[in-house]
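J.: Dumping what TrEMBL says about this protein:
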DOMAIN    A:3-214  domain 'Cytochrome b/b6 N-terminal region profile'
DOMAIN    A:347-485  domain 'Cytochrome c'
DOMAIN    A:490-581  domain 'Cytochrome c'
TRANSMEM  A:32-57  transmembrane segment
TRANSMEM  A:87-105  transmembrane segment
TRANSMEM  A:117-137  transmembrane segment
TRANSMEM  A:149-169  transmembrane segment
TRANSMEM  A:181-199  transmembrane segment
TRANSMEM  A:229-249  transmembrane segment
TRANSMEM  A:289-309  transmembrane segment
TRANSMEM  A:321-342  transmembrane segment
Amino acid sequence: MKLGDWLDERTGYRAISRKFVEATVPGGARFAYAWGAALGIVLLLEAVTGVLLMTVYSPSATTAWASVAYLQQKVPGGWIVRGLHQFGAQAAIVLAVIHVGYAIARGAYRKPRELTYWLSLAMVGLVVVTALTGNPLRWDQRGFWGLRVETGIIGTVPVVGGVLQQLLLGGGTPGHMTLSRLYTLHTVVLPFLLGAIAAKHLWLSRKHGPALATPADAVKSDRYFPTQAARDVIVAVAVLGVIGALTWMRHGAPLDAPADPTSDYPARPEWYFLALYEMRKPFPGKLELIATVVIPGLVAGYLVLLPLLDKKADRGVMKRLPLLAPVGLFGVAAGVLTFASMRTDAADAEFGKAVAKAEAQGTKALALAQEGVPPEGALAMLRNHPETRRVALFEQHCASCHRMGDLGPPKDKDTAPDLTGFGTKAWAKRVMEEPDHDAMFGKTAFKGEMPSMTKPPADPEAAKAFTAMAPADLDAIADFLAVQAQGKKGEGLPGEKLVSQRCTSCHRFDGKTDDEDSLAPELRGWASVPWILAQIDDPGSGATYPKGAMDPKLEGHMPAFKDKLSEKDRALLAKFVQEQAGK
Amino acid sequence: MQNDLGGEPPRAERPEEPSRVDGSRRGALKVLVALGGAAYAGAIVVPAVTMLAPSSEGGAGAARWMRVCRLAELTEGEPRRVVVVGDERDAYTVTKDQLLGSIWVTKKGESVTALSAVCPHLGCSIDLNGDKKSFSCPCHTSKFSLAGAAEAGPSPRGMDPLVVRVVDGHVEVDFKLFRQGIAERKEVG
Ligand code: FES
């Protein structure tokens, strides 16, 4: 007994494949019939790529983005699978609409095919909903803000809206539970529903066969295999070509920066929802439900009722024009609205800027993710990375008094020396020339404590005795101080001698000063990283300024950050201030 | 392809009678099936609904004071966007120092006011207009006055105010989130 016989006896597969090979297509094979088959094949592609994605994806607010970034960047071929899945989903929407559109134009919704038609409408809806539940799973900005708006719309639906919204979110705000629920819907509930409906739809359309255009077609007939099958495959492969090309061009599917509820992300819906998005614009306030619920409901209702309204015997498009006109109108309106929405955004410079900013953020996040994402999640990664964090730290703790480059207190609100270029030769020179300038010590309690080396004092008596420091000496001291800021000792430099001769009457140098009561700071190692760090840790410690000069308890002095910031953060800030000087 | 040795034995013919049981036993069995079915369905549906229904748990109503910035950083009358950072409890994790949301704070003399930056319409992020005289939401162009009153667009209510206090020169805010899309101001957990 052969294996084939053995198997056939138990499964009856021969009869099944014979049925498939010998199936006929009444009226003859057509390319127009291939859209449905192509949709089926794309859905199969979605299932296979979806299962593959599930082997990497991890649905929680802290891991989702990271796992997708990992898939996109590190998993071999991961980006291809992701691209095929995402563009496949969009192709499925397009194919489903074409398929149903053709059925409507052809009048294929009429008796006895009403159910077949209704099931196909349900499929369009399910394909879209499945795509919608898939988008937020990657937990990037686009997916996240899209979800916020979509669930927001659901929340406005009268009566059930609130509960439905909470059910979807798994609580009040989007988070872990939201992802678990969307994931369950997207990977289990909706695909099973879709599969079941597709199977029934296919079975019914086989049972009834295609709706024939003319009675003359009734005499024609083709074998499904290979005449129609070839057409199905040609269309499906062409569609696959488009999906593949898009995947290749975008290197997988786009991935924005991780979802950040604090950002000013310019949210826009996916392209297939732009028409709905645009339509709401003329309906302000309470009327909005007209755009979000009433009009879409009426359109869907009309499409559902179509088979019941169309009672004419004739299938000719012309004869059914009054019934088809509204459907055509929906299509045209959707196209026009989509186009209008795209044009408004394209013309909006502000929006363009916001999009560019979001894209830059995304690129940065992906670059950081290359090194691995910490368990706190991708958003924390972005926020805690030294590059981002030190700016945030400075803004939060220093920029209310100090200015440094672009960072700083509101206009004229600075009360402490300007740190732009702190530790450079220019800064050192300036503090010797005009120590009481607003950008130096002019707004601090030290104003008036240090005399200018080049300008005579205001008091006429003192001015008489004043001799300006020679430019060469000034230069040498500034040079020496700039070297200190670099963290080098600079021993033997001409400036070192000058400092010990001319500055130590007030300043400390290697801890020594001629005037123990002076408040002037230590110049050895001035503006170097350890010096700045010591100042941040505790200005009153005596390491930078003499003890008591900077007592943080004194009004208007710099506070100590030793207990307020972690050691890491303080080190980060000290290095930041020093590094910025070089820029 | 019948195999004489290993073939299946012939099956019993179907009984002529529609059922072997009489009327009253039939009724009892029907009830049994219905009750058993209901018990089975209930055992699945009840826990399912309990499990999926949105939990009432959550911090709604409790004050969550968060330090957001220093008073000195604010310019008189000019709203500034500040980020609210705090510990985030999300289902099964607590994460330190998370970005919880952003708010607009404005200093007016000695007092400070705060408005949630979440658009009451559908939850986009509200921005300050270039002239600093009003707020707007880029999503569906809702417009708000500096005080947060809804002026144009689809927003069903004004921006949501938050309670603020100043402690040691620091601005602190009682951070809350509100439901979107409805005219009432209802807090979410
Ligand atoms: S979310 Fe702000 S206007 Fe719609």
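Note: Cβ is positioned from N, Cα and C throughout, glycine not excepted.
Because TrEMBL annotations are produced automatically, they should be read as predictions rather than curated entries.
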J.: Sort out the residues at least 6 away from either end of the transmembrane segment (A:87-105), same chain, that have Cβ-Cβ distances under 8 Å to it, and list them.
T.: 32, 35-36, 38-39, 42-43, 45-46, 49, 117, 120-121, 123-124, 127-128, 130-131, 134, 211, 239, 242-243, 246-247, 253, 271-272, 303, 306, 317, 324, 327, 331
J.: Examine the transmembrane segment (A:149-169) against the transmembrane segment (A:289-309) and state whether at least 3 Cβ pairs sit under 8 A, considering only residue pairs 6 or more apart.
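T.: These two stretches do touch.
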J.: Under a criterion of three or more Cβ pairs within a distance under 8 Å and sequence separation of at least 6, are the transmembrane segment (A:181-199) and the transmembrane segment (A:289-309) in contact?
T.: no
J.: How about the transmembrane segment (A:289-309) and the transmembrane segment (A:117-137): at least 3 CB pairs under 8 Å, pairs 6 or more apart in sequence, or not?
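T.: These two segments touch.
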J.: Excluding the flanking five residues on each side, which residues at least 6 beyond the ends of the transmembrane segment (A:321-342) place their CB within less than 8 Å of a CB in that stretch?
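T.: Apart from its flanks, the transmembrane segment (A:321-342) reaches 101, 104-105, 271, 274-279, 299, 302-303, 306, 309-310.
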J.: Quick test of the contact rule: Cβ under 8 Å, at least six residues beyond the ends. What residues does that give for the transmembrane segment (A:32-57)?
T.: 25, 64, 67-68, 70-71, 75, 78, 81-82, 84-85, 88-89, 91-92, 95-96, 98-99, 102, 106, 127, 137, 183, 187, 191, 194, 198, 202, 205, 210, 228, 231-232, 234-236, 239-240, 243
J.: Looking only at residues six or more beyond either end of the transmembrane segment (A:229-249), which have a C-beta under 8 A from one in the stretch?
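T.: Counting only partners 6 or more residues beyond its ends, the transmembrane segment (A:229-249) has Cβ contacts under 8 Å with 29-31, 33-35, 37-38, 41-42, 45, 79-80, 83-84, 87-88, 91, 95.
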J.: Between 0 and 100, where does the mean pLDDT of the domain 'Cytochrome b/b6 N-terminal region profile' (A:3-214) sit?
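T.: The answer is 92, the mean pLDDT of the model over that range.
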J.: Tell me the residue counts in helix, strand and coil for the domain 'Cytochrome c' (A:490-581), as DSSP assigns them.
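T.: Helix, strand and coil residues of the domain 'Cytochrome c' (A:490-581) number 33 helix, 4 strand, 55 coil.
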J.: Counting by DSSP, what is the helix, strand and coil composition of the domain 'Cytochrome c' (A:347-485)?
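T.: Residue counts for the domain 'Cytochrome c' (A:347-485) by secondary structure: 72 helix, 2 strand, 65 coil.
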